[in-house]
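Working notes for the structure below.
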């Protein structure tokens, strides 16, 4: 649509006439309409939506006591999860001790397991990862449906209680069942907690969090050897690596909040307000926010993509494919190194 509008120029007095003011108003209205019809308008709104949540987390800051508590709590789960993962190196070693002063009672000693072509005692470790492979993804899906917090707390109790049951198992088979369910929580206690941490702190704090997570993993890894040296039987080692999960689960029931981004994505306004108010009280500072605006802007995003659609988006990005391939290689490489060092 073309309109021949009079050119808006100032008269000799320096002021616009009524006709010129009307023409300028119509011109601005047409520009506004054109912008609203632009295909880039939707993307502009989405960009602003994604910034709003991050802006609030930036306002809270990475050194605020509340996100610090979440970060340290989630990192500590790596310490708890690595101990039952590595404990079979001492509970059921592939090579029996031949020294005269070997007093540690292994799984093979206790249940009179004889090594043939395959050592059944090594199932103590294998069954752990089998449980993770079969049931581990269920926890991840549940975390997207009902929340990170309930899945993490449930995983702590399942892991701890299953491990305690394995420690008191009267037979080798029952012990393996306990280890199976304990291993099923590995994904929840190593991946969901990392996701929850990243969703509850500013992006600028992700690097610091990754260092802390790695440090906790190393501490947990190195703590298994002193436990095996202190205790005289595999049962006590199994018990010592399982009880902390139950104790920490009880603590998390009363202190751990839900993921901030999860509350926003699920439009849980009341819980979002409680999260922010708690952060304000813990930090003893006022936080400027508008919960209605955050939830309203989040509702404009289309977040109902299926798993297949998400995978297609990942495969279409060369950067994502490259990063995934490199990450997979590093995991397998270091897993092989750890396996060699273990034996």
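In case you wondered, yes, glycine gets a Cβ from its N, Cα and C as well.
TrEMBL assigns the feature transmembrane segment to one of the listed ranges (40-63, 88-111, 208-231), namely 208-231. Your range for transmembrane segment, going by TrEMBL and the list 176-196, 281-301, is 176-196. Among the residue ranges 11-30, 151-170, the one that TrEMBL annotates as transmembrane segment is 151-170. Sequence-distant contacts of the transmembrane segment (208-231), counting only residues of its own chain at least 6 positions beyond either end whose CB sits under 8 Å from a CB of the stretch, comprise 62, 71-72, 74-76, 78-83, 86-87, 89-91, 104, 194, 197-198, 201, 237, 240-241. Outside the transmembrane segment (66-86), and at least 6 residues removed from its termini, the chain residues within Cβ reach (under 8 Å) are 57, 60, 128, 152, 156, 159, 163, 182-183, 185-186, 189-190, 193-194, 196-197, 200-202, 205, 208-209, 212-217, 219-221, 223-224, 227, 238, 240-242, 244-245, 248, 252, 255-257, 278-279, 282-283, 342.
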